[in-house]
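Visitor: Following this message is one structure expressed as structure tokens.
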Amino acid sequence: MGKPITLSWEAITEKALKNERITLQEGLDILEADDRELLSIMHAAYQVRFHFFQNKVKLNMIFNAKSGYCPENCGYCSQSIISNAPVERYTMLDQKTIVAGAREALKRKAGTYCIVASGRAPSHRELDEVTAAVKEITETMPLKVCACLGLLNEDKAKRLKEAGVHRYNHNINTHQDHHPHITTTHTYHDRLSTLKKVKQSGMSPCSGVIIGMGETNQQIVEMAFALRAIDADSIPVNFLHAIEGTPLEHQERTHPIKALKVLALMRFVNPTKEIRVSGGREFNLRTLQPLALYAANSIFVGDYLTTKGQQVQTDHHIIEDLGFDIEECAL
């Protein structure tokens with residue numbers, strides 16, 4: 001149930017409305033609040049969400065441009081070199097196929113098209129396909145393009161920016177201290193370095209987390225603080241969908257109420273930022289999915305990289321039934 005609460009949600013709301021950082025203890029109080037406090041917490045988070053984003057919901061669609069064949073040993077990922085999960089494997093798709101995916105994103109009313117590729121870092125040949133596709137998409141469609149291709153250096157970041165990539169995603173994934181328990185083939189610092197290159201290039205930085213990989217509540221709060229310090233414009237909050245054949249296959253799902261508390265925490269700590277309910281939304285939040293949008297203002301529609309999402313029409317209905325509106329892409 002959680003511990004009894006003496007915290008004033010009004011006080012925390014006032015801080016967030018002024019974009020003032022809450023304390024570590026206030027963050028812990030949110031996560032450890034009695035479950036009966038849930039609606040009060042979500043109401044407080046909604047006040048902040050509405051102040052900065054009204055009732056708009058941003059829709060994003062993922063396109064898996066390269067699947068499998070990844071040399072990294074991330075414990076959560078079915079595309080990892082250490083995974084035995086039966087995932088589809090293919091090299092970088094061509095420009096025509098990537099562009100066709102963008103047309104599907106438009107049909108789903110997405111404003112952002114997210115081109116994702118497995119691997120440690122993109123090769124120059126892979127960048128050729130992606131940048132050519134991005135140029136065609138941005139010249140012919142009312143879409144913003146986000147790319148998630150792995151580690152970047154200055155030259156590769158510059159190429160993506162010049163091609164028209166609006167935003168680049170590179171998640172911190174977990175707490176700095178927990179990172180070695182999740183992967184050892186790259187460091188937490190490697191991820192921060194890529195985000196620095198993204199900012200320097202002029203692309204909008206997108207970075208988030210995966211909840212449910214064995215982190216503590218204090219680490220979750222500190223992860224929210226880390227994202228505030230990074231100043232990511234968009235924060236995807238994933239909830240682990242444990243996949244058979246990966247090292248984390250036996251991790252329990254995050255309880256829906258805990259997931260909602262995490263989303264509220266992210267809103268309070270990063271009040272002016274896009275908070276996106278991302279991978280594992282359907283699997284972990286289940287019937288409480290609609291409540292997530294009282295804290296978050298963004299979702300993915302359709303499938304994820306190697307797991308299924310729900311029907312796009314279902315997401316549209318959730319937004320409509322809440323009295324919210326789909327945000328149109330503003331180019």
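Cβ from N, Cα, C; glycine included.
Keep in mind it's a predicted model, so treat the numbers as computed, not measured.
Below, the features straight out of Swiss-Prot:
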BINDING   CYS70, CYS74, CYS77  [4Fe-4S] cluster binding site
BINDING   CYS114, CYS146, CYS206, ARG276  [2Fe-2S] cluster binding site
DOMAIN    52-281  domain 'Radical SAM core'
Visitor: What is the Cβ neighbour count of CYS146 ([2Fe-2S] cluster binding site) at a 10 Å cut-off, with all protein chains included?
Guide: 23
Visitor: Let me know the model's mean pLDDT on the domain 'Radical SAM core' (52-281).
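Guide: Mean per-residue confidence for the domain 'Radical SAM core' (52-281): 96 out of 100.
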Visitor: Need the DSSP three-state call for CYS74 ([4Fe-4S] cluster binding site) to compare against my parser.
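Guide: The residue in question, CYS74 ([4Fe-4S] cluster binding site), is coil (DSSP, three-state).
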Visitor: So if I measure Cβ to Cβ from ARG276 ([2Fe-2S] cluster binding site) and keep only same-chain residues at least 6 apart in sequence, which ones fall under 8 Å?
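Guide: In sequence order, the residues whose Cβ lies under 8 Å from that of ARG276 ([2Fe-2S] cluster binding site) (at least 6 apart) are LYS58, ASN60, GLY208, SER234, ILE235, PRO236, VAL237, ALA296, ASN297, SER298, ILE299, PHE300.
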Visitor: Could you tally the C-beta atoms, other than its own, that fall within 10 angstroms of the C-beta of CYS114 ([2Fe-2S] cluster binding site)?
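Guide: Result for CYS114 ([2Fe-2S] cluster binding site): 23 neighbouring Cβ atoms inside 10 Å.
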Visitor: Excluding CYS70, CYS74, CYS77, which residues of the same chain place their Cβ within 8 Å of the centroid of the Cβ atoms of the recorded [4Fe-4S] cluster site?
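Guide: Here the non-site neighbours turn out to be GLU72, ASN73, TYR76, SER78, GLN79, SER80, ILE81, SER83, SER118, THR183.
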Visitor: Around the C-beta of CYS206 ([2Fe-2S] cluster binding site), how many further C-beta atoms are within 10 angstroms, looking at every protein chain?
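Guide: Summing over all protein chains shown, CYS206 ([2Fe-2S] cluster binding site) has 27 other Cβ atoms within 10 Å.
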